[in-house]
Amino acid sequence: MYRGDKDLQTSARKMGTSLLFQLSAYERELDLVFLDHSYAKPWNAHPDASSARPTRTLFVTPRRQAETLSDSESLIDVETVTPTPIPLYDNQKALSVMKECERHVLFARTAADGPPPPDDWEEHINKTGWSVTQNKLFNKVVKALQAERLARLANENASNEPILRRIAVDKCARKVRHALASVNWETKLTQWLHTTMIESLSLSMLAAYLDVLQTLKSKLPTLIDRMLLPSAKTGAPSAEALSLLLKRPWDPAVGVLSQNKPCKLPGSPLILIAPSFPTNPALSTSRRMRFWQSQLSCLGKVIPVHTHVNSGANIGITQCLEHMLGTVRAKVMEVHSHFPHKPIILVGWNAGALIACHVSLMEYLTAVVCLGFPLLTVNGPRGDVDDPLLDMKTPVLFVVGQNALQCTTDGMEEFREKLRADNSLVVVGGADDNLRINSAKMKSEGLTQTMVDRCVQDEIADFLSGVLTRAEGHSHGSGEMRDLDTEKKKRPRRELPFEMERGRPSSPALRVSISPSGSEKSSLITATQLLKTHMQRSGTVLTHKQAQAQFAAFMKQNMLVRKNLPPGTPCIFVPVTSDQIEGLDRDDLRPHGKRRQTPSPTPSKASKRAKIKVTIVSQSESAGGAINPAEVGVSGKPLTVAVGQTVPGAKELSGLLTSPRSGSLSEVSGALSPGSSSFSSGQPCMVSVSSTPAQVQAPATAQAPSASSLLQGLSFSLQEIVTKAPNLPSPATSTGSTQAVCGKSQDPVLSSVGPSGGTLLRTVPVVTAGGVSKTTAIHQLLTNGGLAKLASSLPGLAHITNQTAGMCRTAKTRRPR
Amino acid sequence: MATEDKKPETDTKPPVVPSASASQSKSAPAKPNYSLKFTLAGHTKAVSSVKFSPSGEWLASSSADKLIKIWGAYDGKFEKTISGHKLGISDVAWSSDSNLLVSASDDKTLKIWDVNSGKCLKTLKGHSNYVFCCNFNPQSNLIVSGSFDESVRIWDVKTGKCLKTLPAHSDPVSAVHFNRDGSLIVSSSYDGLCRIWDTASGQCLKTLIGKSSYLSVNLKKSKSHVQHLNSCIQKAKLLWIYFLCLKTYTGHKNEKYCIFANFSVTGGKWIVSGSEDNMVYIWNLQTKEIVQKLQGHTDVVISTACHPTENIIASAALENDKTIKLWKSDC
């Protein structure tokens with residue numbers, strides 16, 4: 001017996017990815033069998049078997065054999081005491097959060113109130129002048145508080161006291177809410193009640209009352225705020241402390257959950273949450289949904305989909321559903337077009353689960369997660385021969401409650417049998433349609449809803465990681481996709497789309513396009529990050545449409561520019577004419593600065609010939625003025641490029657480039673190389689921007705004629721640049737180096753090449769190396785021209801060449817688009 | 001612990017094994033040899049209840065003479081008298097720390113006493129008829145009381161307020177008890193029912209139906225489930241485990257009074273009860289045989305108590321006797 005238990009625990013640990021996984025591990029007999037007999041195939045391994053995988057259960061109490069009635073002759077043990085089970089959460093922490101309200105009960109009272117009311121406070125209340133409703137309300141609330149007091153006393157020192165207390169407080173809060181609802185939350189009455197309670201309740205009862213307020217506040221923030229208004233006005237410091245205390249309800253499982261976050265899923269999937277009803281933007285999402293969102297965001301990027309249906313609009317359910325379906329579908333397509341390589345997972349609750357399933361029939365999704373699947377309909381259970389859901393191909397996970405009304409476990413099994421898609425089922429013991437467990441279950445198992453939710457999330461992660469790794473393995477085996485996929489893995493995930501100015505005359509009018517409101521086809525090159533921010537925020541530099549248009553253009557050109565810079569540093573490439581540079585240094589930064597952050601002053605002394613202007617705008621709030629925007633002017637003329645930098649900009653740039661993150665450098669070059677390889681003249685070209693000015697300068701000037709010819713029609717792409725200001729070494733030596741590189745030779749080229757290369761778009765890879773050896777390697781490259789050499793002499797850069805090759809292929813395959 | 005629905009099922013088997021092995025290893029004594037050590041006289045009317053303090057140091061007795069008396073548990077020495085009730089006292093109970101006493105009186109109140117000072121700390125008013133029985137919960141922050149008004153009330157020790165009234169029975173409540181961890185309350189009544197309540201919510205979880213009125217209930221705090229002993233007016237004591245009637249102990253005489261029954265676990269495992277034939281009966285818990293009868297009282301032995309650590313039994317008798325007797329045994 002005992003050995004078995006221990007085995008079970010160790011195996012659970014082996015299987016378990018987290019502590020919470022173990023919580024429910026006791027019922028995982030299937031896994032146990034699998035561990036002991038790992039050679040055995042699961043029952044559904046047979047090709048003829050359905051694609052349904054064995055059901056998993058969470059907190060389902062196993063059915064035990066009926067008791068054999070003990071006869072009167074049997075011995076009775078009257079001594080042994082069953083050891084109390086160890087709670088699944090940190091009891092110490094739970095107890096301390098549990099007693100929070102008791103500890104801070106005095107916050108509710110201002111000092112002026114005098115001595116606290118005695119224990120027999122009820123007899124001291126002056127009820128004269130109270131109306132009938134007031135009396136009723138007061139009595140109801142006091143009765144509820146008294147019941148809570150009884151439960152509190154009865155549960156004292158119980159092994160799972162925090163959970164029992166939580167249940168009791170929730171129950172009491174429910175009663176108080178009923179009482180307040182019976183007077184329609186009339187502001188006058190609720191405020192009167194609050195004042196009376198604060199004044200008259202004894203300390204112990206007041207603590208219970210605060211617990212109730214704390215609980216209700218999370219559910220009905222506006223109503224409770226209104227109720228607390230008078231007291232908030234009077235006592236300043238205590239009211240503040242009180243509002244802090246009431247900020248969020250305590251949870252016995254607080255420590256466990258914060259310590260055991262779900263792990264990131266492979267392939268950095270995007271998790272879309274389908275709405276299960278039209279949402280009203282005015283209403284905040286429930287606390288539980290927020291918790292779910294935050295936990296899921298540990299698995300991957302979460303993108304909630306909202307459907308806003310005007311309440312005034314008189315539309316039927318069918319229309320509404322169609323609208324929701326359309327919204328989700330559109331979102332999936334949009335996200336897919338933005339992140340073509342990322343797996344997309346659709347998660348939905350109840351009706352949202354159905355929507356998710358239906359969307360999976362229309363759009364390509366990696367997986368669908370159905371939380372609380374409404375299997376039963378008015379016309380009987382789903383899964384009839386003509387049910388479109390049976391045609392699903394997407395792997396799907398169903399999580400249903402054992403006691404759900406809209407779904408039975410047996411019915412699910414039958415449905416799953418008919419389902420062609422790979423599917424799994426998780427049954428949550430004692431849970432309803434929304435996967436909420438009842439209080440009896442909480443009591444007997446020592447659980448809280450958050451713990452259950454967390455376990456369900458573990459199950460989801462388990463399922464998804466299986467699907468994702470399988471998906472990856474699959475694409476590895478299948479020919480053409482292979483390169484792309486390996487590519488994807490080697491490279492950092494985010495891609496920097498960039499677009500070049502095409503055939504646009506260099507004119508002062510271009511300045512218009514620099515401004516965020518510029519209506520011309522955008523001449524701004526933004527980073528993915530920027531696109532992303534656009535999706536979420538409005539009012540940034542680009543409008544959504546502009547960003548999309550850019551992205552489309554970018555796709556057409558097959559220019560994939562990679563970067564591995566931390567998020568939050570978009571960089572904007574602003575083409576300007578050379579004569580405008582100086583003015584732009586200040587003028588153009590301003591609009592961006594206003595929107596994002598104040599750029600530090602940019603002296604333009606050194607930028608005599610600066611022509612490429614790169615504005616690096618940091619989004620990190622903390623950065624403040626610590627990051628200097630580097631500016632490189634890009635000439636508006638398509639075929640002319642001059643590189644110039646303002647002093648701080650150069651500093652910044654070189655600092656970034658020389659920073660120890662060699663990865664970022666290689667990325668830059670790798671990302672840019674496709675452009676060079678598809679270059680019509682066939683000459684690979686690299687311009688090195690180095691931290692050691694002398695070395696770069698020399699080759700650059702030496703190569704000036706060829707380099708400049710290669711630079712025709714060049715749009716200079718730089719990456720989003722590392723925001724981390726403190727990390728940035730800023731060697732002053734590099735100042736002006738880049739300027740020197742091209743400055744001298746550019747101008748003549750501009751005019752000469754201009755007409756001929758008008759349609760060509762070129763990318764010049766920017767390779768920067770921090771070390772001297774690398775610089776010389778680049779030197780070599782520049783003089784001899786050839787990536788192979790670079791690769792051989794610089795093992796660290798070897799994979800860049802590979803990447804380049806990969807990129808070229810990408811470019812080819814993508815070209816038809 | 002509200003695991004009541006599950007636990008009894010899982011635990012039914014294990015109890016048999018350890019106790020069997022224990023009885024084998026210790027070669028459980030077949031019979032105790034209780035003999036009279038002290039006779040405590042002092043009450044001027046019938047003694048209604050005797051209780052040992054959980055610390056084992058004291059014996060408290062309540063009587064129809066409105067007094068509570070405290071005695072030394074080992075030497076029977078009279079310690080003090082606590083007075084305050086206006087009418088006779090039916091029951092008395094100790095708090096877990098042995099510092100507080102609660103008494104149930106015919107004056108419809110309960111009183112909480114500080115044992116050291118002998119002062120009344122709180123008077124619990126609310127019952128509308130004689131209060132017949134009372135008990136502390138293990139945390140000693142709640143008191144449960146049963147009354148002739150047919151209700152069971154739960155009281156807050158600290159404030160002395162009634163937190164809950166359970167409309168428990170349709171006849172006077174004869175006994176109330178908490179289980180080991182205080183999560184359950186068991187009440188028995190003349191109406192022939194024995195009910196189990198959830199302390200925290202006041203919900204009735206189970207009703208046990210016997211052949212006749214239950215007059216006493218005593219919970220032996222073992223496992224996490226309830227084992228309680230009911231003494232029944234029909235000359236039988238029933239031992240229940242939760243809702244399964246396990247054993248019936250017969251042989252004594254009990255037709256009229258609510259006679260306490262007790263578990264004795266300090267030596268052998270016995271069931272101890274008074275009887276209306278002026279004797280104390282001791283049964284073997286497992287075999288249900290009568291193992292000893294203690295003679296000495298001159299009236300109905302209405303109350304018995306077993307010492308928490310020593311093999312001591314206290315017994316108290318009614319009007320004609322008015323004494324308390326302490327019995328000791330080697331096993």
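For all residues, glycine too, the Cβ spot is worked out from N, Cα and C.
Automatic, uncurated: that is what TrEMBL annotation is.
Annotation comment: TrEMBL describes B:1-12 as compositional bias 'Basic and acidic residues'.
For B:1-32, the entry in TrEMBL reads region 'Disordered'.
TrEMBL lists B:18-32 with the feature compositional bias 'Low complexity'.
As annotated by TrEMBL, domain 'WDR5-like beta-propeller' applies to B:39-328.
Per-residue confidence over the repeat 'WD' (B:40-81) averages out at a pLDDT of 92. Annotation source TrEMBL lists repeat 'WD' at B:40-81 (among others).
As annotated by TrEMBL, repeat 'WD' applies to B:82-123 (among others). Each residue in the repeat 'WD' (B:82-123) gets a DSSP state, and the totals come to 0 helix, 24 strand, 18 coil.
Residues 90-97, 100, 102-106, 108-112, 171-178, 180-182, 185, 187, 189, 197, 199, 202, 221, 258 of the same chain lie 6 or more positions beyond the ends of the repeat 'WD' (B:124-165) yet place their CB under 8 Å from a CB of it. What TrEMBL records for B:124-165 (among others) is repeat 'WD'.
According to TrEMBL, the repeat 'WD' annotation covers B:166-207 (among others).
Residues or ranges marked as repeat 'WD' by TrEMBL: B:249-293 (among others).
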* Asked: In the same chain, which residue numbers or ranges, 6 or more beyond the ends of the repeat 'WD' (B:82-123), come under 8 angstroms Cβ to Cβ?
  -> 45, 48-49, 51-55, 57-58, 60-70, 129-136, 138-140, 143, 145, 147, 155, 157, 159-160
* **For the repeat 'WD' (B:40-81), the number of residues DSSP places in helix, strand and coil** => 0 helix, 23 strand, 19 coil
* What is the three-state DSSP composition of the repeat 'WD' (B:249-293), stated as helix, strand and coil residue counts? -> 0 helix, 20 strand, 25 coil
